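Okay, so here's the structure we're looking at.
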Amino acid sequence: MTEKITPEVVAQHGLTQAEYDEVKRHLGREPNLTELGVFSVMWSEHCSYKSSRVHLKTFPTSGPRVLQGPGENAGVVDLGDGLAAAFKMESHNHPSYIEPYQGAATGVGGILRDVFTMGARPIASANSLRFGDPSHPKTAYLLEGVVAGIGGYGNCMGVPTVAGEVMFHPSYNGNCLVNAFTLGILPADKIFLGTAAGVGNPVMYIGAKTGRDGIHGATMASAEFDASTEEKRPTVQVGDPFMEKLLLEACLELFKTDAVVGIQDMGAAGFTSSSVEMAGRAGNGLDLFLDQVPLREEGMTPYEILLSESQERMLLVAAEGKEDMVRKICTKWDLDVAIVGRVTGTGRWRAHWHGKVVADLPVDPLTEGAPKYQRPMTPHPALPALHAFDLSTVPEPADLGDTLLRLLARPTIASKEWVYQQYDHMVRLVGAVRPGGDAAVVRIATGDERHAGKGIAISVGANGRYCFLDPHLGAQHAVAECARNIACVGGEPIAVTDCLNFGNPEKPEIMWQFAECVRGIGDACRALGTPVVSGNVSLYNETEGQGILPTPTIGMVGLLPDVEKTCTSAFKNAGDVIALVGTLQGEVGGSEYLSAEHGREAGHPPALDLAKEKAVQETVRRAVREGLLSSAHDCSDGGLAVALAECCMMHGVPAGAEKAPWIGAAVRVPFPARKDFVLFGEDASRILVSMPKESAARFVALAQECGAPVIRLGAVGGDTLEIQGALSVPVAELAKAWRDGVPAVLRRDVGHAAASGIAREPQEPLP
């Protein structure tokens with residue numbers, strides 16, 4: 001290509017003039033347009049982590065179970081007895097806002113490829129979703145499209161979606177978040193890496209043909225939205241889950257041979273990123289022959305081929321002499337396969353087109369030599385006033401029962417049954433518990449007796465409001481809550497992946513939020529013994545200058561030695577004792593209650609003592625494994641009253657049944673502060689449990705042994721939730737409000753939403 005490189009062309013490629021000057025310095029000349037395109041995607045935030053890398057290096061990334069940490073397609077941890085788990089979480093936010101079905105679907109496809117590229121068979125997926133105000137005209141459209149895309153792709157792949165969370169807030173009106181998680185299992189001694197090792201080895205393309213979809217998707221994901229957002233639809237990839245299924249099976253068959261030296265998913269920045277990253281990890285060069293790439297569209301240029309983000313494609317470095325073996329297996333699975341390059345020892349990345357070199361670049365500046373910024377940081381200027389807000393000025397509600405009903409109808413708190421009904425969570429029968437609880441529990445079924453009975457727990461979560469008010473503390477809460485959820489099912493947390501969603505890093509207050517959240521995640525992971533083994537950063541989540549809440553999503557994995565010794569959230573037996581592991585402080589700063597009922601998003605998030613957190617988790621984990629408990633449920637959004645209601649309602653059968661066997665509870669809560677604050681405050685490190693009377697003494701002794709406080713509250717029974725001196729509401733009424741929250745959004749039932757409180761936008765939302 002001979003197009004002149006003007007400042008306008010440089011800007012269109014997402015590079016600053018200073019960065020372009022650095023490109024010229026590395027090359028000692030002007031780049032051509034194809035080379036500029038390569039630098040554009042490799043130096044994008046999405047690929048280079050240029051604003052975040054200096055902070056990410058502070059994460060704890062090693063531990064006794066870590067087999068592969070950050071830097072590869074997915075992290076890998078040791079499950080024992082020769083088995084390992086590969087897992088990762090990744091964002092597809094920008095594409096999902098532009099085209100929700102395909103954006104979400106290809107997000108699932110991409111994270112599945114990241115996992116099976118490591119040599120693992122995916123066995124479970126999860127997701128964390130954020131949408132705007134429930135009454136916003138685009139919220140229902142995005143919710144329906146994203147959920148359909150996730151379900152459509154995952155269901156076709158035969159990988160169950162077993163866990164997730166969905167939250168709503170006005171800050172996501174112009175920028176939804178779609179964070180996808182996948183976990184797979186593999187032999188601990190057969191991990192495949194994305195490396196272009198072995199000079200002379202062939203580089204092979206396998207999978208679907210290359211088209212023009214997704215060109216500059218990585219660059220688009222590294223810029224904020226504006227009024228022209230709808231024009232960016234061509235940068236959204238189009239997925240084919242049936243092709244991905246063939247690619248998965250072909251790769252797993254290839255991994256059983258000695259043909260694979262290295263393998264890399266063609267994800268963001270497509271052929272360019274996969275080939276450059278493989279060369280960079282090996283310290284080698286590559287010669288690529290673009291005229292050999294299988295194409296599905298005529299007239300594609302080298303620029304388009306290199307930057308296409310067509311889905312369901314892999315780049316494989318084969319052992320020399322094993323090309324026919326690779327061809328045979330790929331042909332068997334009806335995949336395109338071609339030799340498209342060779343590994344060289346030159347340290348240069350060269351692209352050829354019909355005998356002519358169209359790009360000749362050094363590898364290092366594209367990888368480790370990419371720009372790294374220590375951007376200016378300053379606390380958000382709104383925080384002093386928000387922290388100074390006098391919570392005692394909040395009026396007390398006239399009827400705590402009505403308040404609870406309104407909170408349960410809030411889409412963030414309401415049942416997500418409509419969502420997980422769109423997902424095939426029972427495929428392969430790996431799920432040991434139904435979705436909707438604290439953490440998913442997945443059976444490990446390998447056919448090997450050594451693995452029989454083992455299970456994996458999965459939890460995902462974040463709290464953007466906490467992270468705005470105190471990024472360091474809010475991020476710690478995200479880690480602690482995921483670990484607490486895993487403890488509720490009897491699991492031991494072992495490792496973390498993350499998806500760090502933030503606004504424009506060029507704004508000092510956003511960069512400060514990012515750095516503080518990273519510091520908080522690191523501190524909590526060190527305290528809880530959960531190293532970070534993989535992750536993703538998504539910046540520029542802004543529309544016309546309005547950024548999202550800082551949302552560092554955590555995906556945590558835990559191990560269960562005996563999957564039959566787990567626990568669910570629901571109260572089960574009349575007469576069971578109800579107790580709270582933890583304390584009652586009535587901390588409402590940053591709470592759903594304060595936002596929903598009083599239009600305020602202010603104060604400080606609840607205090608968090610990580611030593612106390614560990615004691616609470618250890619108490620419940622050991623109690624579950626000893627078989628002492630009938631139920632265990634994390635106390636978080638909406639506080640104690642919401643947790644009690646959920647435990648009563650989760651006893652029921654799915655919506656639509658003629659009779660729902662709800663079960664009630666009668667409790668007496670000590671009130672060290674205002675009743676509404678104690679009932680709806682979101683104090684940290686609390687788990688609500690129930691148990692047979694005969695287990696109570698042993699449970700109290702266990703809690704004392706672990707150093708965790710326990711408060712006996714009451715008993716399970718009846719058909720009403722009664723909190724003595726505060727509220728008494730039939731469980732059927734609670735369940736009706738709880739189950740209608742999300743369907744009301746989909747009906748665009750603004751009148752109902754306003755009446756129930758679910759669409760009440762805060763009068764003073766966070767800046």
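Including glycine, each Cβ sits where the backbone N, Cα and C put it.
Copied over from Swiss-Prot, here are the features:
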ACT_SITE  H46  active site
ACT_SITE  H92  active site, proton acceptor
BINDING   Y49, K88, D498, G535  ATP binding site
BINDING   E90, N536  Mg(2+) 1 binding site
BINDING   S91, H92, N93, H94, R113, Q237, E309, S310, Q311, S538  substrate binding site
BINDING   D114, D265  Mg(2+) 2 binding site
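Where Swiss-Prot records a feature, it is marked here on the structure.
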| residue | record | DSSP class |
| --- | --- | --- |
| K88 | ATP binding site | strand |
| R113 | substrate binding site | helix |
| D265 | Mg(2+) 2 binding site | strand |
| E309 | substrate binding site | coil |
| D498 | ATP binding site | strand |
| N536 | Mg(2+) 1 binding site | strand |
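If you check the recorded positions S91, H92, N93, R113, N536 against Y49 (ATP binding site), the ones with a Cα inside 10 Å of its Cα are N536. Note on proximity: of the recorded positions H46, K88, H92, N536, the one nearest R113 (substrate binding site) is K88, by Cα distance. Across the fold, the C-alpha of G535 (ATP binding site) and the C-alpha of the residue listed as 'active site' stand 12 Å from each other. When secondary structure is read from DSSP and collapsed to three states, N93 (substrate binding site) falls in the helix class.
In the structure shown, the C-beta of H92 has more C-beta neighbours within 10 angstroms than that of any other entry among the recorded positions H46, K88, H92, R113. In the three-state DSSP assignment, the secondary structure recorded for H46 (active site) is helix.
The binding-site residues examined here are E90, D114, D265, E309; by Cβ neighbour count within 10 Å, the least packed of them is E90.
When the binding-site residues E309, Q311, D498 are compared by Cα distance to E90 (Mg(2+) 1 binding site), the shortest distance belongs to D498. Each of L56, P70, M89, E90, T497, C499, L500, V532, S534, N536, V537 belongs to the same chain as Y49, K88, D498, G535, is absent from that list, and has a C-beta within 8 angstroms of the C-beta centroid marking the ATP site.
Restricting the recorded positions H46, D114, D265, E309, Q311, N536 to those with a CA within 10 Å of the CA of K88 (ATP binding site) leaves D114, N536, listed by sequence position.
Ranked by CA distance from D498 (ATP binding site), the recorded positions H46, S91, N536 have N536 at the top as the closest. Cα separation, S91 (substrate binding site) to D265 (Mg(2+) 2 binding site), rounded: 16 Å.
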